[in-house]
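Peer 1: Sharing a structure here in structure tokens format.
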Amino acid sequence: MVSLYLENGLFLQAQSFGASGTQAGELVFNTSMSGYQEVISDPSYKGQFVVFSMPEIGVVGANSKDDESFFSCAGVLARHYNEFFSNSRADFSLSAYLKERGVLGVCGVDTRSLIKTLRHHGCLMMVASTIEHDKNKLEEILKNAPKISHSPLVSSVSTPKITTHQRATFDFKTLDYKPFDEKTSHKIIAVLDFGAKGNILNELQNVGLKALIYPHHTKASELIKAYEKKEISGIFLSNGPGDPLSLQQEIGEIKQLINAKIPMLGICLGHQLLSIAQGYPTYKLKFGHHGSNHPVKNLKTNAVEITAQNHNYCVPEDIEEIAIITHRNLFDNTIEGVRYKNAPIISVQHHPESSPGPKESHYIFKEFVELLKDF
């Protein structure tokens, strides 16, 4: 059994199918119908519980190759868990996977009702426990739990040292990931790792960019020096967890990179940090965008792209003073992409690599390659 307590006073008890223990975090909902392993292992969900709108989970099991990272969300909530999986690439059940990664699994709850609660109240803090089942004690645990905006989440998911990414994209012929081939690499880029998804790095390398992964706290002077010596051709600012406004030290370094006119691409958290670094602070959405079915309009082509998204924060409208808005979300008209006027920088809020989700925005990586050619 697992007991849940939400900050709005809601107390629930349900079945456990994951790890044992007690976890507190922010509760968000995800509307993806597949790809739960990639969602669970996305570093951007660090410190969060994910409730899936898809009522069934577990039918394809899990494997040792599709993880986005070594890190995981705090817990998973689903209407029904299926222990009997069927997939040629599966190595173990989802339950075994969650237990190995220390992730709580909750099933047998009315997820539709929970999602309506989040839609009405916004994201809520929650504590879940397979050990403590007293409502008052759970309330006390939650009261003392740090808010996600005050937690040093990025430092817990970033690489501790400079590394080279060794994998490229998935090969549907072999049903495995291609090894990175140095011969296909045309340029080297620095990846500022705030919690980068593996498939973003795969896609960068698939378009001919060798990815050198740097810690989140890397000094701008080090990257500027590498750029001036032509050791790197540009910089990618990755996705990651938490409130972007909490990363003040990193924002200060990014300001220097912008002033150095280094070509850059930002995705998700990276997109937000580029905005903040230029004096345009982000704001928090009521319940965020999480899922692989969000329509986004490309304002240049007028095409509507179905995108994968995972964020709770958004850049402000007045960023139009220094940037051309390139994409908008058709659910709420929030900004999804910009091209800066004052520097060779493009950034998007959604995830062009998807994983899970459609590949309709994959061209963003090729646009970055074209941007690098001009410098």
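Each residue, glycine too, has its Cβ placed from N, Cα and C.
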Peer 1: Ser44, Ser53, Ser64, Ser69: which one does Swiss-Prot list with Gly240, Gly242, Leu269, Gln272, Asn310, Tyr313 for the L-glutamine site?
Peer 2: Ser44
Peer 1: Average the pLDDT scores across the domain 'Glutamine amidotransferase type-1' (188-375) and report the rounded value.
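Peer 2: PLDDT averaged over the stretch: 97.
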Peer 1: Restricting to the chain of His351 (active site) and a gap of 6 or more, list residues whose Cβ falls under 8 Å of its Cβ, or answer none.
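Peer 2: Non-local contacts for His351 (active site): Lys197, Ile200, Asn239, Ile267, Cys268, Thr307, Ala308, Gln309, Asn310, Gly357, Ser361.
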Peer 1: Between the Cα atoms of Gly240 (L-glutamine binding site) and Glu353 (active site), find the distance and write it as a whole number of Å.
Peer 2: 14
Peer 1: Just report the maximum Cα pair distance in Å for the recorded L-glutamine binders Ser44, Gly240, Gly242, Leu269, Gln272, Asn310, Tyr313, no decimals.
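Peer 2: Comparing all Cα pairs, the maximum is 13 Å.
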Peer 1: Cβ within 8 Å of the L-glutamine site centroid (Ser44, Gly240, Gly242, Leu269, Gln272, Asn310, Tyr313 excluded): which residues?
Peer 2: Phe194, Gly195, Asn239, Pro241, Pro244, Cys268, His311, Asn312
Peer 1: Which residues in the same chain, at least 6 apart in sequence, have a Cβ under 8 Å from the Cβ of Tyr313 (L-glutamine binding site)?
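Peer 2: Counting only residues 6 or more apart in sequence, the Cβ neighbours of Tyr313 (L-glutamine binding site) under 8 Å are Asp243, Pro244, Gln272, Thr282, Tyr283, Lys284, Leu285.
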